[in-house]
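S.K.: Structure in structure tokens, see below.
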Amino acid sequence: MSARARFQAIRSLHMNRVNSVKLSKTILAADCRQQVSQVKSEMQFLNTDLSLSSFTFLKVLHDISGLISPLFQSFRRFRASLASARQHLIIWQGTLKEIGGRFGTSVLSYFLFLKWLLKFNLFSLIVNFCFITIPQIVHAPNISSITGFRGLELLTGVGYFNQTVLFYGGYNGEVIVSKPAYNMQLAYFFTVAAYLVLCGVSLIYSMSRSFQKNFVLETGPVSGGAWRLLCSWDFSVVNAKAIQYNKNNLAIQLKVHTCSCLLHLSLHLLAWLLSLGLALGSGAGIYFLGTDPELAFSFNHDPSDLGAEASTLLLPVVVSLINLIVPLLYSLISKIESYSNPRTKIYISIVRNVILKMSILGILCFYWLNFVPNNISVGCWESFVGQSVYRLLIIDFIFCLLGIFFGEFLRNVIGTMCIQSLGVPEFDIARNVLDLIYAQTLAWIGIYFSPLLPVMQVLKLFIIFYMKKISLSMNCQPPKHTGRAAQIQTVFIALLFFPSFVGALSMVAFTVWSLKPSGQCGPFQGLDTPFHIIFNWTDSLPENHWVGWIFENILRSELFYYLISLIVLVITYFLWQITQGRKQLIKTLREGIVNVSAEIVRTSL
């Protein structure tokens, strides 16, 4: 019977109020106890059921985790193995760590720079081979007549290689019939242009990042004369005779310092005159040797003459000898200057060697662009320039190997066994890096005249890396006096951009914009200039095509380049002002540190 029915039955009974309340309380208490006991039994059953369910759930989770845990461990091991494999795939990773640990970061900077140049040339090789060489070989071979291979072509680049895809003359300007059509003229032009643009952007980005990361504002040395004049007077002296003695002593010191400064200045001036004289003399000798008609184009008159073919190696050998001997003379000249700061000595040596190498390359470029195109005996003058650059690279590589043997190995043998006072030779970072910059400049100059020239540069860098590593381990010691490795690396990147890359880009741009291509060979034969292929291409497009509109209204507009130049100048000025503000802030902070230090010393006394 339910509780409601029980209450209604109690109300139906004829009882007084007190008995009715007592009866209802008794019935209600019994009913509540019954319901509480029922709820407790139900809760106990539920708890038992929940404990069984949770136990089952935990058991299932344990079984699932037992299955998943090995999968997670396998995934972690796979990810760790991928990371390890990625580290092993990075070229020369372990070798570079070993070099940095044994010889320091200054020597390591040379090998990192070499690796960086290798990436440039690998990219160039892949791009040129895929977009220029393969289409030419597969669809439109341009082989007219090839002489037999005699071996000397590996040094000279002529003979057997004349009509191959190694040089400009091995390509033609035909449109390959395919879907879509493949225009070899546009492919040749845009591939070379895109590579040079990407190199320029990469160099600017790397130079700015390196400068931002490694720039350190340095305080210049205090002038000895100013220090003597302003800080050496003893104010505790009050005797007139002693004051006169101090004045005479100070005057003598100032005279001696002035004489020594004049002597050092005259020595520096003499050293610079000798250095510039050597550079000018080297450039003049190369100019007269290159313009000699009996030597310059002798091979073109008789291609079967091995003697004439070998004579083309005379100019590269002379250039390499100059690059080998003149820097040694610069080292002897620097000994008479006696710089007090080793970093200054390194930078002066770098500047002199850059002037020498860039003057040589400038003379060669002037000779190639002014004398070679106008010479009737040169059938394909672009291939002739490519072969000249090829010979310079090959001979420079041979002299580099000879320098490793004679300059480092024999020098080590003499210094350790015969004349022990000489000691073990130091690894000349500046000279070796400048040799890399010189070779890379040649590779950039020759990229238009010899699209596969990066093949030689890649092989050369690979061999030089291992030869230099072996020679460094066996024959050399780290340099005793070097600048900050990071800052020197920034200087090397800046030199690679200017004057190396800018000069090579200027030569290629002048060739494309101003010189008439050969009428007998090459992809641009029959055009006034190679750049006219762009005009022909835009004229062939539909009338309202967006490419033609951009070329006619933007790229050919003087206003566009004026606005670009103005924006670049404004941004440059803005960044220069920020740099000046940071310099002033650093100067103020240093003055504050000095004042606080002086105040602390004053209070401690």
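Note: Cβ is positioned from N, Cα and C throughout, glycine not excepted.
Here the structure is a predicted model, which means the values were calculated and not measured.
Under the heading domain 'TMC', TrEMBL lists 380-486. If you look up TrEMBL, you'll see 116-138, 186-205, 269-290, 310-330, 350-369, 389-406, 488-513, 559-576 marked as transmembrane segment.
Tell me what's around each of these sites.
M.R.: Beyond its flanks by at least six residues, the transmembrane segment (350-369) meets 275-276, 278-280, 282-283, 286-287, 290-291, 319, 322-323, 326-327, 330, 385, 388, 392, 430-431, 434, 437-438, 441-442, 445, 491, 495, 499-500, 503, 507, 510-511, 515 of its own chain at Cβ-Cβ distances under 8 Å.
Here the transmembrane segment (488-513) has Cβ contacts under 8 Å with residues 106, 109, 112-113, 189, 192, 196, 199-200, 203-204, 206-207, 210-211, 214-215, 346-347, 350, 354, 358, 361-362, 365, 369, 429-430, 433-434, 437, 440-441, 444-445, 447-448, 482, 529-531 of the same chain, all six or more residues outside its ends.
Residues of the same chain lying 6 or more positions beyond the ends of the transmembrane segment (559-576) include none with a Cβ under 8 Å from any Cβ of it.
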S.K.: Between the transmembrane segment (310-330) and the transmembrane segment (186-205), are there three or more CB pairs that fall under 8 A, provided the residues in each pair are separated by 6 or more in sequence?
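M.R.: No; fewer than 3 Cβ pairs under 8 Å.
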S.K.: Looking only at the domain 'TMC' (380-486), what is the mean pLDDT?
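M.R.: It averages 87.
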